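According to TrEMBL:
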DOMAIN    58-127  domain 'S1 motif'
DOMAIN    145-210  domain 'S1 motif'
DOMAIN    231-266  domain 'S1 motif'
REGION    1-38  region 'Disordered'
Amino acid sequence: MSDTTELASPPIEPATAGAPGTFNEMGEYTPQQITSDDLGGMSLEDAIAGTIVLFEDGDIVKGTVVKVDKDEVLLDIGFKSEGVIPSRELSIRNDAHPSEIVSLGEEIEALVLQKEDKEGRLVLSKKRAQYERAWGTIEQIKEAEGIVKGPVIEVVKGGLILDIGLRGFLPASLVELRRVRDLQPYVGRTLEAKIIELDRNRNNVVLSRRAWLEETQKEQRDEFLANLKVGEVRSGVVSSIVNFGAFVDIGGMDGLIHVSELSWKH
């Protein structure tokens with residue numbers, strides 16, 4: 001079927017009565033030829049141009065992934081040519097292969113970076129479209145004092161980076177209820193956290209998992225304390241040692257054993 005015929009009419013089932021075109025004895029379909037009358041006096045170029053959606057830099061467009069390789073992803077967005085997303089514009093995860101981010105046939109959003117490169121293609125960015133969407137969502141979550149959730153993608157100086165649609169910084173001191181020395185095991189884990197600082201102008205999002213843990217464990221602690229009785233024996237794990245004694249995790253909260261109560265011997 002010629003390109004001209006495809007522009008003239010939608011796909012037609014062979015069994016459709018009165019369909020334009022003819023079938024031969026072998027059941028082969030010959031489409032109706034398009035004439036200038038069918039185009040209403042327009043040239044073929046004008047007819048094609050009329051089907052093309054125009055985009056501006058900064059627009060967010062939606063399209064279908066039609067090709068994925070290590071350097072770029074091609075997106076069918078109904079333009080005169082496919083849109084191209086360079087691999088660096090796919091995700092905030094710098095070490096991820098494009099095939100880990102998108103798949104063939106997937107429908108995604110992307111932001112227009114450049115209306116036309118040297119090959120006449122729209123240059124797009126998936127991560128910047130995601131960034132724009134994420135900021136609006138995150139501002140609403142912060143206002144509602146809600147939580148965000150995302151995988152840990154990187155260990156940096158002083159903490160972790162979470163992918164929450166943009167890069168969220170989780171300080172090491174706020175990862176757990178107690179400070180964690182080795183952060184590497186958290187990479188790849190999905191964590192929940194509260195937003196404690198938000199500055200769009202500086203692209204700054206600071207998170208606290210400790211605040212979320214404290215909030216979610218309050219009910220558990222209240223129940224634990226209600227069931228705790230003076231004089232009963234509990235086993236636990238020493239969580240830290242200080243000059244005046246030792247803190248012990250007894251399965252719900254930390255208890256302090258004063259140095260004078262650690263042993264009968266001084």
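Here the Cβ of each residue, glycine as well, is placed from N, Cα and C on the backbone.
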Mean of pLDDT values spanning the domain 'S1 motif' (231-266): 79
DSSP-assigned states of the domain 'S1 motif' (231-266) in counts, ordered helix, strand, coil: 3 helix, 16 strand, 17 coil
Secondary structure tally of the domain 'S1 motif' (58-127) (DSSP, helix then strand then coil): 9 helix, 29 strand, 32 coil
Helix, strand and coil totals (DSSP H, G, I; E, B; other) for the domain 'S1 motif' (145-210): 8 helix, 35 strand, 23 coil
